[in-house]
Amino acid sequence: MARNKIALIGAGQIGGTLALLAAQKELGDVVLFDVVEDMPAGKALDLAQTGPVEGYNATLTGTNDYAAIEGADVVIVTAGVPRKPGMSRDDLIGINTGVVKTVGENIKKYAPNAFVIVITNPLDVMVAVMQKVTGFKPERVVGMAGVLDSARFRLFLAEEFKVSVEDVTAFVLGGHGDTMVPLVRYSTVAGIPLPDLVKMGWTTQERLDAIVQRTRDGGAEIVKLLKTGSAFYAPAASAIQMAESYLKDQRRLLPCAAYLTGQYGVNGLYVGVPVIIGRNGVEKIVEIELDADEKAMFDKSVSAVRALCQVVNGMGQVQL
Ligand code: A3D
């Protein structure tokens, strides 16, 4: 049986971690692409030499030539620039729109059947640019953000309740930015909703509010500590979970940036919602009921994403 082929566009901090995780999980052979001369080949060789020690069977190659991604089953895109301290994700739009456009044109040419996961920020708009440029069905182009934002929420909750991270489920919806919507009502410890845990005295509403805010600021907290670059281990792990669900037809229910066609009252926009990922890509967009406050937060987040789409349109490279 032929192995799957996973192309990683951008061989920086997240790209390298994606390659390691994909190899360790033996999801397929990995091709690392970057515009920096020789660097992806160096990273791939280093990772290939990890194979005998870690015991993984995967071929890893690095390249500056898009032709090497030919026929990829999954493409994960991190090409572009990350944030520096004091920058918002939206400040990256000028550089990253052009980068994602070029990347999309090459994915269309060399990997026309791929499932594409975008990580480059500002996420919700970059995934829209990717879909537009490739012309792929929206089911095959998704953005990674919700899995990461939810993982941050889950960690902070597990620490608060002193329980295993495995027993905390959480949902963060909306755009990947300051207006993201951590959904307290739909987040649980082993099925017990957070509002019940407040009633049970496990935490207070004030402490829960602070955790919600820390989740919203989760990316900035790491940018400030790292001083150069942004988070990369958890973003990579999150995208690999999505890729694995596609490649193994796991039908995981994960929050991802998906193209809405009327769901949640939104039409023609990529925004973070729960979806099922299986062999056909996004197989279902799950519409959960939002109360008035949650809906207001979600709508605010949607407006922020729409405003960024207008910025891209104004730049004249792609019309969303
Ligand atoms: P970094 O380590 O700088 O890697 C980016 C790589 O892209 C570098 O190696 C560049 O050489 C390469 N690159 C630049 N231009 C091109 C091009 N035209 N074609 C191909 N490769 C190119 O950054 P990183 O890996 O830390 O982050 C990558 C992106 O992910 C940034 O935009 C981050 O903001 C974003 N990010 C998103 C999340 C989400 O949750 C959505 C989380 C963390 C980072």
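In case you wondered, yes, glycine gets a Cβ from its N, Cα and C as well.
Nobody curates TrEMBL annotations by hand; they come from automatic prediction.
Per TrEMBL, the NAD(+) site holds G10, A11, G12, Q13, I14, G15, N96, I119, T120, N121; the candidate it also names there, chosen from D29, D34, D90, is D34. Recorded residues I14 (NAD(+) binding site) and R83 (substrate binding site) have their alpha carbons 13 Å apart, per Cα-Cα distance. Averaged across the domain 'Lactate/malate dehydrogenase C-terminal' (148-305), pLDDT for the predicted model comes to 96. Under a cutoff of 8 A between CB atoms, and with a sequence separation of 6+ in the same chain, the neighbours of G10 (NAD(+) binding site) are F33, D34, V77, T78, A79, G80, T120. Counting residue by residue with DSSP, the domain 'Lactate/malate dehydrogenase N-terminal' (5-143) contains 69 helix, 25 strand, 45 coil.
Remark: of the recorded positions R83, R152, H176, the most isolated position is R83 (fewest other Cβ atoms within 10 Å of its Cβ). N121 (NAD(+) binding site) sits 18 Å from R152 (substrate binding site), taking the Cα positions as reference.
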